[in-house]
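Asker: Checked TrEMBL, it gives:
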TRANSMEM  C:12-30  transmembrane segment
TRANSMEM  C:42-60  transmembrane segment
TRANSMEM  C:95-117  transmembrane segment
TRANSMEM  C:124-143  transmembrane segment
TRANSMEM  C:170-194  transmembrane segment
TRANSMEM  C:215-237  transmembrane segment
TRANSMEM  C:243-262  transmembrane segment
TRANSMEM  C:269-289  transmembrane segment
TRANSMEM  C:295-313  transmembrane segment
């Protein structure tokens with residue numbers, strides 16, 4: 001006869017909630033932190049660099065930073081979309097790498113069709129990630145770690161461990177880097193465009209609303225008839241697509257691609273940029289526009305390190321510390337929640 | 001001290017309040033050595049809180065507690081354990097990947113000899129476990145992996161663990177069994193009953209159960225709680241189930257206060273189950289709900305009514321039987337198909353399943369039915385807000401702020417928004433609610449019930465899992481009583497007969 | 001089919017059979033595979049991942065993950081070689097080089113453990129951070145100078161020298177494995193790891209020091225990664241920040257195919273050892289059969305995916321939430 005009158009165990013919970021009103025307010029202010037912190041951190045970074053090395057604030061400096069930031073930004077907005085649904089994509093930097101190699105191989109013969117082909121193929125790779133994830137319910141970091149391994153091998157084998165130079169149709173791709181708009185190369189503007197598009201997707205479309213819902217509360221979303229499997233597939237496809245565009249930026253900048261060259265180490269800067277851009281590692285919170293600031297901040301890291309008199313080799317260390325710090329600061333800690 | 005042996009447990013005027021609610025109100029209770037006490041009462045009667053006080057999880061606001069003649073002031077479950085109170089909780093708390101012996105040893109970490117210089121002494125651990133298992137007369141290998149054991153055997157391991165308490169020389173352990181039979185099959189219950197009888201050779205036992213016939217069979221004395229107080233404390237000798245019902249329930253037959261909708265002669269049922277079965281949850285469930293009628297599913301927590309409702313909503317796959325929605329047989333039923341067919345489901349776990357806590361009221365309401373908020377493929381924020389504002393006003397949601405994240409609202413206001421999300425349907429055929437009033441105060445409860453009736457008046461069929469039988473009698477046109485996964489009784493309230501609560505209670509257990 | 005697959009993946013018998021099948025196939029493909037030298041070579045190659053997998057297994061048994069392996073190996077290996085006789089400078093701290101290098105691994109592991117347990121940050125993010133912190137330390141230590149190579153013949157030869165017919169590298173790994181098995185089966189820590197992995201809520205409720213167990217597990221994993229970094233550096237004879245490259249792809253698939261489910265609470269050190277052997281033999285055999293070594297991370301990545309999917313498949317549910 002367990003028909004609950006008013007489940008007595010509910011009372012302590014109610015009490016906790018009542019007590020929790022003050023922290024709740026604090027949390028709201030904290031949540032606002034996500035919206036203003038990314039530009040603030042960026043301008044602080046700019047200030048540091050400006051004091052130590054004012055050259056970087058001129059047209060030349062801006063164009064260099066923006067060029068460095070472009071692939072990071074693209075990988076980061078893709079990662080932000082995946083983090084937003086509560087997963088992580090460890091393979092998206094490898095997707096850019098493979099994408100860059102395929103571009104360098106295909107564009108000379110196929111031209112624009114080669115670019116489109118790479119975009120479609122890498123989107124499919126991402127979608128496959130999402131499809132397997134959604135239908136087998138394995139942890140995303142493990143699945144995408146596996147994909148990462150496969151893509152690395154594919155990149156090595158396809159390029160035969162060589163640097164592939166764009167022999168023909170070079171301008172078709174490099175124009176994205178060589179053309180500038182307000183001192184900033186087109187590659188970065190593409191990143192901004194993609195970020196804006198994702199912002200619109202999240203804010204104004206049902207798919208975007210459902211993505212964030214899955215990230216905030218997957219069970220709740222499923223019981224509100226959200227097609228969660230399709231949403232996950234689409235999200236990873238989006239990450240794959242953006243990864244391929246990042247690959248395009250890499251080739252545009254260098255005119256070549258290799259498995260160990262420019263952009264082979266985008267995974268961590270990408271995650272760092274997404275997190276610095278206010279994306280929550282536990283899902284349900286991201287703003288692609290802020291990720292732009294996150295990417296710029298991260299792109300400034302090596303410059304700032306040098307401006308402060310350290311070796312540029314401290315980059316990895318700083319990215320690592322960045323991730324730990326930002327996540328430690330922004331993770332919401334619910335008592336009693338089991339974190340694996 | 002007198003020459004008499006002190007009682008194992010002596011509670012004097014113990015109270016515990018949560019906010020304004022006195023969960024345990026001035027309870028005094030004495031348990032003698034070797035006595036088996038049955039503790040029963042409705043959910044919310046205060047049993048759980050009383051048990052938590054005994055187990056050292058909650059501390060009483062007032063009153064004193066003595067264990068084996070010594071005053072007890074537990075600060076933690078470990079204090080209670082050391083004083084000789086062993087608890088078998090309702091939820092099993094065993095590590096399924098470890099052996100029986102190790103599970104027993106983990107409870108018992110202060111005991112010497114089980115490890116030496118931090119190194120486990122497996123011989124001693126297994127011997128100790130064998131000794132404990134022998135003591136309670138259970139034949140289980142200490143080396144068996146708990147995950148490989150049957151449910152009742154695991155329950156035995158739980159008991160063995162509780163029995164490990166060492167209250168000291170000449171003192172008697174107090175073993176508390178919190179609804180140990182709730183999920184057991186009949187044959188398993190018999191095994192468990194035998195074990196409990198064995199326990200009294202060396203321990204006193206508090207046996208908490210809703211199954212009154214079991215309580216009467218096993219226990220020497222039975223104690224009934226209602227609204228936090230003890231309403232009955234007597235020997236089981238000569239007591240009948242009817243006597244206990246009277247002590248448990250406010251015994252007023254509920255008057256039929258409103259006209260009930262009768263089954264319409266020739267309308268198609270909005271939803272109909274034929275022989276619906278989910279293995280292990282419920283079987284052979286057949287019923288139909290017509291538009292404009294409210295059907296309440298009444299039963300215990302283990303009766304399968306929650307699982308039944310989820311299956312109707314497409315959140316679980318039936319193993320057998322057919323489901324008809326609006327007269328059409330459905331196949332490959334899913335949540336998305338259900339919602340497209342005009343079904344709605346308000347889950348019991350509001351925060352986890354009912355809503356997207358981090359989303360505003362606006363977004364929550366736009367989660368399901370958002371046709372009015374669309375401009376082409378895009379969501380129109382202004383229209384979304386307008387819809388939300390309409391519902392916030394209609395349901396008087398407080399604070400009236402459609403942009404605030406829903407997890408910052410009180411439970412009642414959250415429930416209003418959850419309801420609004422489903423009511424915002426252009427064509428709501430079936431509304432299913434699992435414990436819609438859980439944790440809500442009277443005012444909000446009335447508002448929610450008013451909305452349910454309103455939807456019903458507009459031709460929606462309602463399936464309701466109520467918190468209480470009173471709620472069922474108040475709301476429903478038809479009551480289905482579920483017991484152990486099957487429908488044990490049907491009451492059509494439109495026929496006008498008065499129905500007493502205790503009659504329904506008797507059908508539930 | 002599903003149940004057979006997952007059972008064969010869980011049971012050690014299945015692993016042993018798979019290893020035997022691989023050995024038979026590769027022996028047929030290339031007679032050199034079965035030679036004593038090659039078997040010694042397999043043991044030599046396996047010793048680094050064997051050391052790492054002991055720590056990784058403890059962490060995965062808790063339901064967490066340690067992605068920092070490669071970075072920690074880089075930091076410790078680089079610290080060790082710069083404090084041992086090398087071509088850069090004459091500084092030689094002897095045994096203290098070991099202490100400091102393993103201490104560095106310990107520190108990084110402790111950092112992961114503390115941030116994960118105390119600040120409740122998911123382990124995969126923290127250890128992703130520590131990975132790069134370790135890698136960064138290695139790169140900074142490496143600096144712009146010349147390649148540091150071991151100048152001591154005794155040290156450079158030690159890993160490959162045979163004792164009782166087996167390479168010293170393997171003996172070192174064997175000691176670690178033995179320690180791991182003892183810790184896992186006979187200490188409160190090892191059993192606590194299993195209990196936490198099985199059900200953390202119950203473990204906390206039962207008064208277990210869950211945070212301490214978590215921190216300890218990550219610290220042990222850090223120490224072992226550090227030791228593995230030293231051994232790998234010795235095997236190579238010179239320092240490289242990338243000394244751990246590819247280890248993550250050996251260790252995690254090895255643990256998972258050996259039945260250490262990523263959800264925690266299952267598997268064991270001994271089984272993970274078999275998993276490592278399976279992968280190393282597979283790799284060795286493929287290389288001998290003429291397959292490009294570049295395929296290694298791809299093959300291991302594919303194995304990882306198949307293994308996690310096979311383990312997760314039977315427990316799928318309509319409402320199960322997977323992140």
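The backbone N, Cα and C atoms fix where each Cβ goes, glycine too.
Remember, TrEMBL labels are computer predictions, not curated facts.
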Asker: Tally Cβ pairs under 8 Å between the transmembrane segment (C:170-194) and each listed stretch (C:42-60, C:243-262, C:269-289, C:295-313), then give the stretch with the top tally.
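Answerer: Looking only at C:42-60, C:243-262, C:269-289, C:295-313, the most contacts with the transmembrane segment (C:170-194) come from C:42-60.
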Asker: Between the stretches C:42-60, C:95-117, C:243-262, C:269-289, which wins on the count of C-beta pairs under 8 angstroms to the transmembrane segment (C:295-313)?
Answerer: C:243-262
Asker: Among C:12-30, C:42-60, C:215-237, C:243-262, which stretch has the highest count of C-beta pairs below 8 Å with the transmembrane segment (C:269-289)?
Answerer: C:12-30
Asker: Which range out of C:12-30, C:215-237, C:243-262 gives the transmembrane segment (C:95-117) the most CB pairs under 8 Å?
Answerer: C:215-237
Asker: Between C:42-60, C:215-237, C:243-262, who has the most Cβ pairs under 8 Å to the transmembrane segment (C:12-30)?
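Answerer: It is C:243-262, which has the most Cβ pairs under 8 Å.
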